[in-house]
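Student: Sharing a structure with you now.
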Amino acid sequence: MENTITNTESVSTLDANLPQKTKVASCCFMGLGQVLFLKQYVRGILLMIFEVIMILCCTPVFNSVIPTTLYGVITLGSPKPEGTPIKQLDHSIFMLIEGLFTIIILAIFIVLYITQVKSGIKDAERILKRGRYPTAKEVRNHLATKSFPVLGITPSLLMLSIFTLIPLLFSMLIAFTNYSSPDHIPPKNLVDWVGFSNFTTMFSRNVGGNWPKAFARVAGWTVLWAVLSTFTCFFTGFMFAVILRDKRIQFPKFYRTIFILPYAIPQMLSLFVWANLLNGTFGPINRTLQYWHIITQGIPWLSNPNVAKLTLVLVNIWIGFPYSMILTTSSMTAISQAQYEAAQIDGANRWQQFIHITFPLVMYQLKPALIMQFAGNINNFGAVFFLTSGGPNLMFGTENLTISTQAGSTDLLISWIYKLTMNTPNQYQLASVLSILVFIVLVPFALYNFTHTKAFKDGEL
């Protein structure tokens, strides 16, 4: 890789055992092979400095930070005598995060160690093949061409690890602890590893009490909601896009502008307005219907479980269909008019043109977007939280499950997770269990369906 010395030694002066020597030296100490045999001084010195720092972090020089944090992530802290100042108490969550950082750094160190050994062997073999060491100019050209993508993507990978990977792993690890209020909130109390007991609580009827009942209801509604909200919004938007493409419609741009307004207005604001309009006591919709003698009693838009779910779907259509209309309209503009003209010559009517031309071609392009919308609707926190707040109470016969589990009739898994973490008592460990479930179900489903779409297979995505 990097070389500051131009060397034009002949093939005869090069050691035939250069790859083996480089391998042994690089295995003994990171970067040693690059310095001693490959003349990659800058790279080798940087690698050696990295290993020296890692070694020092295991010694009292740097407070034995690596062994300490690894021990902390295993024990999550030790009890202290009563009366110990709070600042001197072990904070289990901080210890877990620090240990997680250490594990990731060690993983990076191991991968880098193995990589520099393999890279050193390849560089040595390349030198033997060429019969000389690379010149400084060749090294610079290599860095500017073949190595540039790796150097460019490295900062992004580091940021991804810090802001995505670590929080994801941390939330997963919480599922295997008893991190909850009021008895296991640090630093006053320690958090302990409890294995799979939280999963048993959530999924086992023999152990979990009301939790499995609430989970079955909420998970079932989450799937139903994702299906209904995705297809109703998509096909409503599809319908409006097709109608507005009809040449008999006057001022189509004006109507598109009007229909896009619900999407342009912030969703939170729209949902708050709808929540007030549909209020069962003072909502203007019920009052207007009663004034016109259409109803005698107010419709429980948000207080009856089944009506609240239907209301949620209908309001979501109003908010979500403009996005699908925009996507469909843009996709339809890419369809060649020659296909419609050929269909008309063959005697196809408007419906046949739609079934055999418009619909297949639009779905070909938008099926990946439809899958992403489905995945997004499973985690559509805003629609539920700002309109119904998850209510009304979740009932199982005459038993109110909301009291013991905090789950509501219209709660999705994501809004239930929010309640478990924000409401008292905090059940962080059970919220983490639900997060893991959503992750392991949603990600493989979305990736599988996305990669099996025709557009993806044809290389258009």
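Heads up, the Cβ atoms here are built off N, Cα and C, so glycines get one too.
Pulled the feature table from TrEMBL, pasting it below:
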- 45-73: transmembrane segment (TRANSMEM)
- 93-114: transmembrane segment (TRANSMEM)
- 150-176: transmembrane segment (TRANSMEM)
- 218-242: transmembrane segment (TRANSMEM)
- 219-449: domain 'ABC transmembrane type-1' (DOMAIN)
- 254-275: transmembrane segment (TRANSMEM)
- 307-327: transmembrane segment (TRANSMEM)
- 428-448: transmembrane segment (TRANSMEM)
Student: Can you work out whether the transmembrane segment (150-176) touches the transmembrane segment (45-73), with the criterion being 3+ CB pairs under 8 Å where the paired residues are 6 or more apart along the chain?
Tutor: no
Student: Taking residues 6+ outside the transmembrane segment (218-242), which of them lie with a CB under 8 Å of any CB in it?
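Tutor: Same-chain residues near the transmembrane segment (218-242) but 6 or more away: 259, 309, 312-313, 316-317, 320-329, 332, 354, 358, 362, 366, 370, 373-374, 377-378, 380, 383, 394, 407, 409-413, 416, 437.
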Student: Determine which residues of the chain contact the transmembrane segment (428-448) at the Cβ level, with the cut-off under 8 Å and only residues 6 or more beyond its ends counted.
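Tutor: Same-chain contacts beyond the flanks: 168, 171-175, 177-180, 194, 198-199, 201-202, 211, 215, 219, 371-372, 374-375, 378-379, 413-414, 416-417, 420-421.
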